[in-house]
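A.B. asks: Quick one: this structure, given as structure tokens, is what I'll be asking you about.
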């Protein structure tokens, strides 16, 4: 069976092909309600529409660029543009349509006609320096004229839509038709109200099933909507009212000045104002992967594209649905998420069992009809058929249909969705945002975690604590200054290096105070520079920046070329200490003089780097080089001949609780590896502190790892616990080998743009919510909102919980399926009647379907989950343990029902006209209580103690209580509708006792090893 499901109902957790998604849909032949079954699956037609839009965009942009070039060269006539009156009255000189045509059409001719970027800014009443003023009345008018930066979304479905979809269940519709016929025939024969009891009982059962199903599905949809809204939260740096601030992209308006850097998503269509080395990835919009350079000559930036390199300021021109990205997003939002492997596999189980159930139902109906015909033949009344005979035939048909209702486990794939929705909601409160549903399942099977160091294992609150400036090693305490211990010439060049060669900024905030913006590393160094008496803004004004090369995780350095106030050109670089030091041939000595870097001085600096690193400090080296001749923005920044200014040691303490979390991973059979770009000694010191690096583990550097042959890697990779000075390609190679060669399920953390390939390659990509770029988050499956390794352990625990909860529910539901099928089938064959009526079977179906899923699929995780080995890639979902429990419990329940049916009357002394009704009620009651106690037993598949923590799960207790309460009401008070009769105390005790006996049976089964 497992091979059948793997062949036909197997999809990948990530990047499944449309053919695979299409294949399993076609195989789902037996379905009660296709609308409900396929509600939480991808809309493949909408995805095809999105692909067409991308191809159209690509062609449009290609033509637009060609046409604009030709037009700029050939057309020299004066262009006329009439500003619409409502735009003039609002205080602007250009309309939204004109702005859209300029940027989307890459129309350089129109842009030049309107005075270039400066002219557009003036016509939009904005300032490059101060941005928009929120105090101005123009803000409301701006929104009215140009619109909001929001995309059209498909309207959320209301409660009554779910009711309507629940009513599309084919079996419920057939039963409703049976109920109508039963009402008509019953009233015609027996009159009102006696003749209406059976029909009204079926109607009431159908309505109850619809209400419970709808309520459960509607609540799931609300949970998914909340999570979708959380996924869309993106903030950018914007200048408004003269200061920098973080703003949601949905609050942007034309005229806003947005600050973008590597890894950011362009939040709206706009025009480049200023920046360095900006290249854009337009693949999300056009499907074209070739990067596009943006600058003064080609300033057009399109919404939804990503900053691949560089940093810049952008003027927002077009927002929301006026952009191509807005139209694409409106289509993509209807495409939905890929279905998860478990959803697909359980759709396969439901289809397979459904076909068996359909066969049983047909045979049961045939046997019951044959029994009626035989009886009439023997009585000699074969040719005369009464209304009672018609009602019997109708009852047989209803029983057959209800067997299909019970036999087709429609709730299996929906239980996955319910469990995932519940887990995702809870994980959100624990700082983990799940972007892709399948990640919840996959994380439960993870066998290996490759984690970054900075910000994940460490706190990402960085401070310079040691420095070696001009060969003097000093400790720095916050609030003090080392400026008096550094020669003036050395101090001057150091401050220029700190304040010009940075991706950070020092701005004035709302309170009028200085605030440092940028990465934690940049912030730490800028804070150190300010403590030395430096003035960031003064330094930036006096030194003209010619070229910037942002930090590159491959080169492990950042560079800048400046034109200092005294003239000439100077290059500054900073980065990995040993790499920058290797480019230096001079250094500034303790007197502030530049002297050649001899072997003794080089060894002193290397020893200082090792000393800092062994104290778990991040080390950065700062250097500069005087450049001769003309230098332009196109000239490459030199890679050698530098003068070493100094080295700084940055303290980034290990996060509290990380060591304990790593220990939990080890006990759960999950290997934790640190993959970092830092110095190997720093990495080893932190890894030992976290408990990652053990005596038998290996710490290796990226360059050494790259040189290993395939044979050497086979022996080396299982032992690697730390990889330092790694490039993104090293991380990708390690992950790929772990997944393919060693068949591990790998989770990988990442925060930078260059981490995207590894996040994409991994089974579970974990992006950092605080330090992570938008590119990293988009490539990830889960966003760790607090950047904390302990949260990754929480995600793993919830992943295991989801997997096991669904296994529990499947075990419970298949047991009910098997027993209900065999009891009604064997009874029909042996006695010519079914002990469980249509109304009773509908109630049993609701216990095992919606209510069972609520009780078992929403069980919260416990610490014991992290003491078991992971399932891994090859584990069978329906395990041998589950088959043992299903078959053993089914056999017990079948024997109980069969014994009551065969010997019940004699043993219990039932006689009289209502003996059959009392016996059938007792059988029905015993069967339901067997399910109630089996539900409790199903809380643990291998542990005997199933009561542990039961009172902590309010949903489980609530469902069980409601089930028992409704069962009492059905038996004692709704007999005329449900074909039951009130039972005595002894009969109630017997029913409950027979159900309870299933628990010791279940405990005994767990002692049998499989």
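Positions of Cβ are set from backbone N, Cα and C atoms, glycine also.
Pulled the feature table from TrEMBL, pasting it below:
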type	residues	note
DOMAIN	113-187	domain 'Cation-transporting P-type ATPase N-terminal'
TRANSMEM	170-189	transmembrane segment
TRANSMEM	195-215	transmembrane segment
TRANSMEM	352-373	transmembrane segment
TRANSMEM	393-423	transmembrane segment
TRANSMEM	881-901	transmembrane segment
TRANSMEM	917-934	transmembrane segment
TRANSMEM	955-974	transmembrane segment
TRANSMEM	986-1008	transmembrane segment
A.B. asks: Under DSSP, the domain 'Cation-transporting P-type ATPase N-terminal' (113-187) has how many residues in helix, strand and coil?
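C.D. replies: Output for the domain 'Cation-transporting P-type ATPase N-terminal' (113-187) reads 44 helix, 1 strand, 30 coil.
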A.B. asks: What stretch in 170-189, 352-373, 917-934, 955-974, 986-1008 has the biggest tally of Cβ pairs under 8 Å against the transmembrane segment (195-215)?
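C.D. replies: Of the candidates 170-189, 352-373, 917-934, 955-974, 986-1008, 170-189 scores highest.
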A.B. asks: Tell me, roughly as an integer, the mean pLDDT over the domain 'Cation-transporting P-type ATPase N-terminal' (113-187).
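C.D. replies: Taking every residue of the domain 'Cation-transporting P-type ATPase N-terminal' (113-187) together, the mean pLDDT is 81.
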A.B. asks: Can we call the transmembrane segment (881-901) and the transmembrane segment (170-189) in contact, meaning three or more C-beta pairs below 8 angstroms at a sequence separation of 6+?
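C.D. replies: No, the transmembrane segment (881-901) does not contact the transmembrane segment (170-189).
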A.B. asks: Can you tell me which recorded stretch out of 393-423, 955-974, 986-1008 has the most Cβ pairs within less than 8 Å of the transmembrane segment (917-934)?
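C.D. replies: Between the stretches 393-423, 955-974, 986-1008, 986-1008 has the largest tally.
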A.B. asks: With Cβ-Cβ distances below 8 Å as the criterion, list the same-chain residues six or more beyond the ends of the transmembrane segment (955-974) that contact it, or say none.
C.D. replies: 201, 843, 847, 851-852, 854-856, 858-859, 921, 924-925, 928-929, 932, 935-936, 939, 980-983
